[in-house]
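Right, one structure below, let's go through it.
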Amino acid sequence: MEKLDRYLQENFDVPAKNPSEEAQRRWRQAVGTIVKNRRRRFRWVPDLERRSLDKAKVRSTQEKIRVALYVQQAALIFSDGAKKKEYKLTGDIIKAGYAINPDELALITSKHDSKALKMHGGVDGISIKVRSSFDHGIYASELDTRQNIYGVNRYAEKPSRSFWMFVWDALQDMTLIILMVCALLSVAVGLATEGWPKGMYDGLGIILSIFLVVMVTAVSDYKQSLQFKELDNEKKKIFIHVTRDGRRQKISIYDLVVGDIVHLSIGDQVPADGLYIHGYSLLIDESSLSGESDPVYVSQDKPFILAGTKVQDGSAKMIVTAVGMRTEWGKLMSTLSEGGEDETPLQVKLNGVATIIGKIGLVFAILTFLVLLVRFLIDKGMTVGLLKWYSTDALTIVNYFATAVTIIVVAVPEGLPLAVTLSLAFAMKKLMNDKALVRHLSACETMGSAGTICTDKTGTLTTNHMVVDKIWISEVSKSVTSNTISGELNSVVSSSTLSLLLQGIFENTSAEVVKEKDGKQTVLGTPTERAILEFGLGLKGDHDAEYRACTKVKVEPFNSVKKKMAVLISLPNGTSRWFCKGASEIILQMCDMMVDGDGNAIPLSEAQRKNILDTINSFASDALRTLCLAYKEVDDDIDDNADSPTSGFTLIAIFGIKDPVRPGVKDAVKTCMSAGITVRMVTGDNINTAKAIAKECGILTEDGVAIEGPEFHSKSTEEMRDLILNIQVMARSLPLDKHTLVTNLRGMFDEVVSVTGDGTNDAPALHEADIGLAMGIAGTEVAKESADVIVLDDNFTTIINVARWGRAVYINIQKFVQFQLTVNIVALVINFVSACIIGSAPLTAVQLLWVNMIMDTLGALALATEPPNDEMMKRPPVRKGESFITKFMWRNIMGQSLYQLFVLGALMFGGERLLNIKGADSKSIINTLIFNSFVFCQVFNEINSREMQKINVFRGIISNWIFIAVIAATVAFQVVIIEFLGTFASTVPLNWQHWLLSVGLGSISLIVGVILKCIPVGSGETSATPNGYRPLANGPDDI
């Protein structure tokens, strides 16, 4: 992440939005004052000390690589007389037919050894020695042999943590360690006073409870670690284009081998070390490897390309010379540990809550222990005197201390920040199945609060399956149909005009025509390039003949800033010609001539220019993207390094490209509006095209504003403040305009903004936004690295699904906090009050440990994994600054706590009289009944917590098997504890009337919940709602 922050700062002047590590370190120290298990609380976030070491390693390696390159350049001057290391060919290499040692080949590229490369015959010689062809690549049948000799393209990874390491981490809990000591003391004293086996029951019960807590915790954490590992592997899946078996195909970087011919384009991350074959204007950013911020120009004179670097501009083909651990990038990556995730905002907030509650619990625990001890001493002093002590007295004090420590175990809600991780991990897994790869934990959480989505048009709102629908040429507009267009154009334009059109299409394109296994031709490239090239092929044009007839001298690839692509070609007659294709308004401004029907270049009059603009607007009003194609004859002595000219062009044609709106987008936009989320379309297209698509999607409303990027950029700060909230469409925009829009929405109005992007130049906006969403199909690797979420199917409806799950995460954690705080309050108060009044705690250490497991691990599993429902998208997003614990939650917490305290207090102080329980074991029966009723109150309150405002808490419960399984397991184990484990848990078996009473008292919590939800409270809104969002209704919702 540090490399990306530096890249954005140096190239786009965009500061990092994440907190510094020093701030994170101070925060952890602050919340670490009351921590049961610091290692577990901060498990899923980075080890800051290790991360610092990793950064030092990266800087050291970068410095070594940089110095090595300088030294190597100097050493070449003096290397003639030096004795060179000889690399021998092994029998396996010779048998396979290769003629170069793997280590020698790897060093040629990594050391930029031009002399060694020349000695081997240059790039051509290397390709012969590794049995590869620039045109046909390698044969797939050779993959195993090449991997055995030259290696696989994988880096050595540190082994995953075993299950027993998670068990060890769970045992680091300081309060569990203290309880273990208490249990051992209890066993020792018990054996001395009561003998075997009765004397060890109390201590053994605590030990078994600790074992159960540790094992459940370790299993939960281990499963989460496997899930994160799986998601991490998904993040590393990158696909690239190679030429194999004579055809271009897409493969995983892990399947790459030495000899492969790789196609590189803007935004790609170089997957392996290689040598440049040919290309156009290739600029490589090596800052991730060498630390140098200036891009490196790669050509046939300097053909070395290193793994881990990024293509900043241009395109090229390279031959792979080293993979995996034979690359410098592989060696660097293998030394680094897993980075971990920075704490999410919700984790930070809940860490603070857990610490505050922990301090309160510590005070209650100390007071409870002191009260119990003082009462014991008073009673002892009044009976036998303080001078006479027995071993049973020591056992009593040990049990008091164990109870106090257990109160801390229950009071410190260690499960709060961990529940966030569990809920996020569950959501990330589900989103992965729904075509959304969450790269950063915080993104899933933050997306639930998004109030604005700034989305691209092409491929996100539309299908990205483009076809040329209309064409204007020689002042004639034609609708395109595959069967008749060739004949229709021949009837209105001359063959020379048609030939010029086809030359412009075939030469000025980044798409390629490739042959599949069955011999059929397929066009590869961006959707726009494919559409135009397929149109040219539909005109019966001979792509291969045109490709062979002309030589490309210079290519300026399309990017979102220039909005055009230019190519300089050398014609067979010795002359040169520029072809330029791009945004209609930009290309038209560069033209002062046009091609007539006879193929002649004629001056472009103002009337003709106006008619052409009307044609462009007409195409755009039909929701067609428009592109112009033009050419310019140039002198033969032109400077190859000069940029393409910006004037003097002759207009050839205008293409109207159709890109239909994706099915379901209109409904998704409607869902956003009902959820209080504003959708703003930001596109580089013509404003009329953008408005037509926006209206079709339901984005542009009657009071919405559609504006062009240049006009938006020219606005003053005050004008922008008045305008920005009403902007729904921004056309002809640059990446900088998108970044400005995001910055102002966040800065001026405190909006939570999500942004989609696919190009390298979208990196600043993706990084600036609260949630960056990169396209998985059309997106470059640079865009993906800048993003928080990768939308694998490039579909807008998938983005809405991310928002839906984000809201589910936030609401689920609120449910869990409501449930846990209720348990905390009741457990603390009932034990403290009982200690003060009666002189004993009704809930023992073993019982409290079981309650803690219900509350922490099982409660988190049940409530933090609730799937989203449609109601979540009918309420406004949570605004920045709103309290996490709302008034609705406090109403439910206090109401349920008062009810439970009343019931348990009645049983404690009047249970024997009210229930007519008599006999020697009446006290044990009452305490067991209190414990059983307390647990069933939590079981039914867990059901209550499924809905914080709605009365119907059973909606969708059948479909949530995790919740049902947790409730069933809790009830089943409670029966086992009461009926069969009484010796260890200090309980006695209950009759059916007492069981019915316990379940009945617990179930009344459901009725209490209905009554509480009928009590109106304030909405709890703490911040302004600039978009006019409607606050949630008070009181109960519809059932």
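Cβ atoms here come from the backbone N, Cα and C positions, even for glycine.
The structure displayed is predicted, hence computed values, not measured ones.
Annotated range for transmembrane segment in Swiss-Prot, selecting from 251-271, 377-397, 797-817: 251-271. Confidence annotation: the topological domain 'Cytoplasmic' (374-406) carries a mean pLDDT of 76 in the model.
In three-state terms derived from DSSP, ASP762 (Mg(2+) binding site) belongs to a helical segment. Taking the Cα atom of each, ASP762 (Mg(2+) binding site) and ASP456 (active site, 4-aspartylphosphate intermediate) are about 11 angstrom apart.
The stretches the transmembrane segment (961-981) and the transmembrane segment (848-868) are in mutual contact, each linked to the other by at least three Cβ pairs under 8 Å (pairs 6 or more apart in sequence).
Long-range C-beta contacts of ASP456 (active site, 4-aspartylphosphate intermediate), restricted to its own chain and to partners at least six residues apart, with a cutoff below 8 Å, comprise MET681, VAL682, THR683, THR756, GLY757, ASP758, MET775.
Taking the Cβ of ASP762 (Mg(2+) binding site) as centre and 10 Å as the limit, one finds 28 other Cβ atoms among all the protein chains shown. Counting Cβ pairs closer than 8 Å to the transmembrane segment (825-845), the top stretch among 251-271, 353-373, 995-1015 is 353-373.
Around the Cβ of ASP758 (Mg(2+) binding site), the number of neighbouring Cβ atoms within 10 Å comes to 26.
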